[in-house]
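**Q** Just passing along the structure, written as structure tokens.
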């Protein structure tokens with residue numbers, strides 16, 4: 001895979017934005033591999049993402065950033081620039097369930113998920129052997145004192161310079177302050193089709209309500225439980241004949257797929273959070 | 001299509017129920033075209049549906065019913081027997097939107113929905129011409145006085161000897177007493193994936209929450225708004241780039257398909273209501 | 001719905017194309033409502049579609065076309081410009097089946113399909129009454145002499161100045177010369193997931209092969225039967241318990257949805273044919 | 001999970017079959033957990049599967065088999081009886097791709113796939129480390145001489161007393177004699193939606209044809225390449241903007257899910273092969 005730059009920006013909408021950005025990119029001979037934009041007509045706000053062949057640009061990174069900053073100032077743009085080869089550091093937080101961990105680690109090994117995974121943090125020892133297999137440092141946190149436990153986790157995230165924290169079926173509620181500190185950099189996989197069945201035991205809730213489809217939701221974590229911006233959702237059909245074992249099996253498949261897409265979109269800078277929603281350029 | 005009997009029953013679970021029922025059917029030389037059963041292990045209750053070639057049975061209807069009643073008494077069964085050729089009478093209640101009406105009427109014309117549609121009842125005149133096309137009597141109800149309006153509707157349902165009332169995007173809340181009177185014989189199509197976005201303006205609610213799939217739910221109407229037993233649900237993927245026009249277009253497709261299946265299941269005696277859920281033998 | 005221009009173009013790929021087009025549009029104060037582009041890296045070809053608010057442009061149509069032509073010459077572009085308010089004329093060719101006709105006509109009536117439908121042409125009289133309901137002229141063609149029949153059809157298409165011919169389950173094979181004459185302006189709905197089960201009786205073929213999903217394909221018609229560029233496909237799950245009646249019912253749903261999307265994409269200028277494939281900006 | 005018996009049978013259709021079987025089961029106090037049957041009206045053949053709580057039966061296995069044999073003789077039944085606790089031995093045949101292997105092994109570890117996996121056989125060493133992780137003996141086969149290679153494989157299958165051979169993206173064509181020897185006990189995952197794109201490079205074929213959905217097919221292997229009875233199929237939507245990398249990623253997801261379901265159905269005795277099709281009681 002070639003090295004690319006990802007330029008993501010958003011600003012108040014006005015005529016000529018696409019022209020201004022693409023003219024700038026053209027002026028530096030940037031070869032655009034992918035480009036997407038969107039205008040939120042209610043908010044009158046413009047969103048844009050470019051994926052650019054890195055070797056098509058002769059400017060230094062510093063020069064490139066200065067050029068973008070000039071443009072950004074003119075149009076009041078928020079922007080970010082990243083290189084596909086500078087991999088983000090991802091921490092996986094887990095409990096007893098292995099399916100999300102297994103899938104994420106496999107996609108990471110095979111290069112589908114472009115990131116580093118410097119640590120797995122868990123409140124149960126059951127994933128220890130699993131982490132060892134994948135040669136990822138495993139940190140078991142004692143949750144008898146929750147406040148202390150999350151201090152320890154925060155310390156680890158800092159220690160490993162984590163860019164993205166993924167709650168891969170981590171069954172603990174993250175404290176508000178940590179949510180806010182990690183805003184936009186912490187992702188959860190919830191095992192229901194939100195906003196239905198937020199909170200505990202969503203499969204039981206789904207069973208009790210008698211829905212005909214179950215799902216999973218990958219979303220950013222905010223201080224309001226299960227109400228952060230949704231990145232991806234998956235559903236599967238169920239019927240009266242599905243036992244609780246069947247529902248869990250089907251649900252796991254939804255969780256795996258929603259999480260894999262959600263992580264990929266984030267790691268490839270395809271997601272822009274706007275208020276409590278996301279724009280996903282996929 | 002051949003004439004069939006549909007025998008639907010449920011009773012406390014015990015060993016030998018399938019044997020007892022199938023032995024009875026075998027003893028009267030019934031040719032079984034389709035058979036389904038289900039045991040709810042929590043409720044310890046057994047549910048069964050048979051579709052039987054009518055011409056394979058030499059008993060009179062009266063004799064058949066006596067035979068079933070004998071069996072039912074022995075096992076404490078609730079049961080119903082219907083003939084596919086005795087079409088149910090369906091009333092469609094509509095407002096301004098035509099998509100559900102158009103789809104139901106077309107499926108009815110082409111014989112996919114086995115029923116009679118003796119009347120359309122609406123609170124707007126916009127569907128009048130449409131009803132005329134299909135040669136179905138159209139009753140426009142004045143809703144300035146809601147109580148009186150629903151009395152009129154109730155009267156019409158009685159007059160036409162209606163077996164199933166379908167709220168095909170009828171934007172009025174049915175009074176509790178009428179819900180209870182029509183219990184198990186009144187179906188609604190709600191334009192969201194319940195239990196998410198119950199109540200008014202579900203597309204707006206879905207837009208505001210930023211979900212990545214929208215849906216529709218076909219359910220029996222009870223006195224608790226949008227909380228009756230669910231028969232069928234459909235979903236479609238949406239993204240940030242879907243305008244409100246796109247959402248409505250995709251949502252309509254969900255509504256049409258959920259309603260068509262829900263009605264068909266009910267009309268073919270495939271649904272058993274059990275507490276606030278359904279068993280659907282489809 | 002506001003009036004929009006749709007500018008669709010394709011040309012050999014090179015750096016600066018987006019900049020050139022968007023700068024042109026910016027220079028005439030065009031307010032872009034939707035923009036999409038794609039580069040085929042194998043063919044080194046660039047494809048682009050813009051939807052522009054018509055009232056944002058102060059140029060006359062003539063001036064606008066001249067401006068685009070200047071640009072096009074510089075970059076060796078093929079291009080087309082259409083106005084959303086200038087509705088295309090669509091001819092529906094049908095046989096005995098009514099489901100596609102019913103759906104298309106309903107979407108047309110409710111404004112979802114932006115087009116005129118000046119005529120329905122059929123080789124059976126069964127849709128006559130249906131056409132009358134919708135007040136669309138109905139032409140019954142006698143197919144005892146196929147050559148003469150298609151001459152008559154061609155004559156009708158010319159008479160009504162038809163822009164798009166839709167084979168809505170029209171069970172006749174269109175002669176090669178007519179296919180070529182109407183190239184890119186004639187759409188078929190085939191009742192299988194092509195390339196599987198091309199030709200006659202696809203449901204029977206699907207049943208015989210024992211597939212677990214059936215589908216439908218909306219594609220442009222070329223002189224090679226069922227091998228034209230695919231616009232849209234739909235599938236549904238089936239099982240051993242689905243009778244031929246069930247398969248037809250599920251298949252119809254696929255046909256309706258694939259055709260509705262395929263027609264809409266074409267009518268909104270969202271489809272670019274490239275060799276034997278399509279780029280669909282949806 | 002409780003121990004269960006799975007009784008699967010098929011025979012010429014006649015009235016009273018369900019009664020006869022269920023009466024027999026009732027007479028031995030068998031508690032039926034799941035029951036399914038199907039009649040192929042063209043073949044006039046009846047198919048049935050029962051899942052029975054093992055501890056509800058007081059007969060010895062020998063007595064049970066004698067009872068079933070009596071019944072079978074009377075109705076000309078083919079039948080099989082298995083115990084859920086007697087796990088089948090599965091051999092995984094692989095090449096370089098790891099996604100199917102990873103998924104199957106994880107489902108096996110977590111108990112979703114009820115089987116033993118005594119060996120992995122491959123024509124490349126790349127999966128060696130992977131097999132070691134899972135502590136499954138790994139056999140690398142040298143394919144410079146194909147005939148000898150398959151003799152070695154056949155020898156290994158016998159040595160490990162393999163019940164089910166799974167071609168988990170094993171890129172070699174199995175010789176006819178081995179196919180026939182393993183008939184009904186060898187499963188392949190093909191990376192296309194068969195019968196489309198049989199043979200080599202299905203993703204390339206799909207790309208070239210411009211289909212809008214890609215898929216995967218899990219089927220029994222027969223001597224006719226990619227034409228054996230289909231057990232399960234999965235599809236995913238693609239568009240012109242999906243690169244070959246995207247297609248492979250989406251395709252893998254189809255492969256994993258189709259294979260997981262296909263293997264589970266087989267291992268739970270849910271599949272009956274009938275001519276070149278399957279009945280799947282899922």
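Using the three backbone atoms N, Cα and C, a Cβ is placed for every residue, glycine included.
Automatic, uncurated: that is what TrEMBL annotation is.
Pulled these from TrEMBL:
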- D:6-95: domain 'ACT' (DOMAIN)
- D:226: active site (ACT_SITE)
**Q** When DSSP states are grouped into helix, strand and coil, how many residues of the domain 'ACT' (D:6-95) land in each?
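**A** Result for the domain 'ACT' (D:6-95), in helix, strand, coil order: 29 helix, 38 strand, 23 coil.
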**Q** Should residue D:226 (active site) be counted as helix, strand, or coil on the basis of DSSP?
**A** coil
**Q** Going along the chain, which residues six or more apart from the residue listed as 'active site' have their CB under 8 A from its CB?
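**A** The list for the residue listed as 'active site' reads D:188, D:190, D:194, D:195, D:198, D:199, D:217, D:219, given in order along the sequence.
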**Q** Would you report the average pLDDT that the model assigns to the domain 'ACT' (D:6-95)?
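**A** It averages 94.
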